[in-house]
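Engineer: From TrEMBL, here are the annotated features:
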SIGNAL    1-16  signal peptide
REGION    55-74  region 'Disordered'
COMPBIAS  55-68  compositional bias 'Low complexity'
REGION    82-106  region 'Disordered'
COMPBIAS  86-101  compositional bias 'Polar residues'
DOMAIN    106-219  domain 'L,D-TPase catalytic'
ACT_SITE  HIS182  active site, proton donor/acceptor
ACT_SITE  CYS195  active site, nucleophile
Amino acid sequence: MRLLSLLAALSLVGCAYTPNETLSEPEPRETDWRIGDDAAGLSADMGLGFMALPTTTSAPSEATSSEAGPTQAEAVVAESMPASVESMTDESTTQDANATETTKRRSLTISLSDQAFEYKEDDAVVHAGPISSGKAGHSTPAGRFKVLSKNADKVSSRYTNQLGMQAWMPYSIQFHGHYFLHEGWLPGYPDSHGCVRVGEKDARFLFERLRIGDPILVAN
């Protein structure tokens with residue numbers, strides 16, 4: 001009986017000191033799986049299923065950037081287009097105007113009796129104005145002439161002005177020998193030494209319009 005009681009007591013004491021331990025799960029190992037040289041060293045029995053594929057992040061496309069330049073196709077189209085349609089139109093208009101002016105028949109008629117001139121293009125009067133022709137003893141010759149030369153800053157080689165200086169003959173158009181049409185004073189009657197004087201605006205206009213060889217008729 002004593003033996004049985006002793007064994008029972010020892011059994012209770014052993015249970016009291018047995019710790020009630022709970023097994024913790026093993027901590028996972030952090031492994032950085034990379035495809036490359038490291039993957040070659042893995043054991044064959046692990047299999048590719050355990051290999052983590054790398055995550056790649058693509059950079060923003062240049063085409064979606066707000067600062068992206070033109071594409072190659074756009075550049076080709078831009079180079080093939082004219083720089084300015086407006087400038088081409090202006091240039092063609094100017095060329096047409098010059099061509100029209102060149103093809104027109106220009107002529108100048110000077111009336112000594114009326115002390116006036118008429119400038120015509122294609123037989124239509126475009127511009128007219130007063131003149132002052134040669135005074136008595138220095139009459140302006142009548143006849144059919146043509147433009148021989150032009151000189152915007154001509155100075156007379158034969159006559160002087162009131163100051164004793166060589167007379168200035170702006171916008172000169174030579175039509176016969178020493179006879180010119182040029183800018184000068186207009187008193188309302190014949191007063192020159194044989195040249196045909198016209199006003200400043202008229203002289204400038206005729207100088208710009210008339211060409212070498214254009215006909216000039218001086219009528220009495």
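Positions of Cβ are set from backbone N, Cα and C atoms, glycine also.
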Engineer: What is the total of other Cβ atoms whose distance to the Cβ of HIS182 (active site, proton donor/acceptor) is within 10 Å?
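Structural biologist: The answer is 24 other Cβ atoms.
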Engineer: Over the span of the domain 'L,D-TPase catalytic' (106-219), how high is the average pLDDT in this prediction?
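Structural biologist: Averaging the confidence scores along the domain 'L,D-TPase catalytic' (106-219) gives 95.
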Engineer: Using a Cβ-Cβ cut-off under 8 angstroms and a sequence gap of six or more, which residues of the chain neighbour the residue listed as 'active site, nucleophile'?
Structural biologist: GLY134, THR140, MET169, TYR179, PHE180, LEU181, HIS182, GLY184
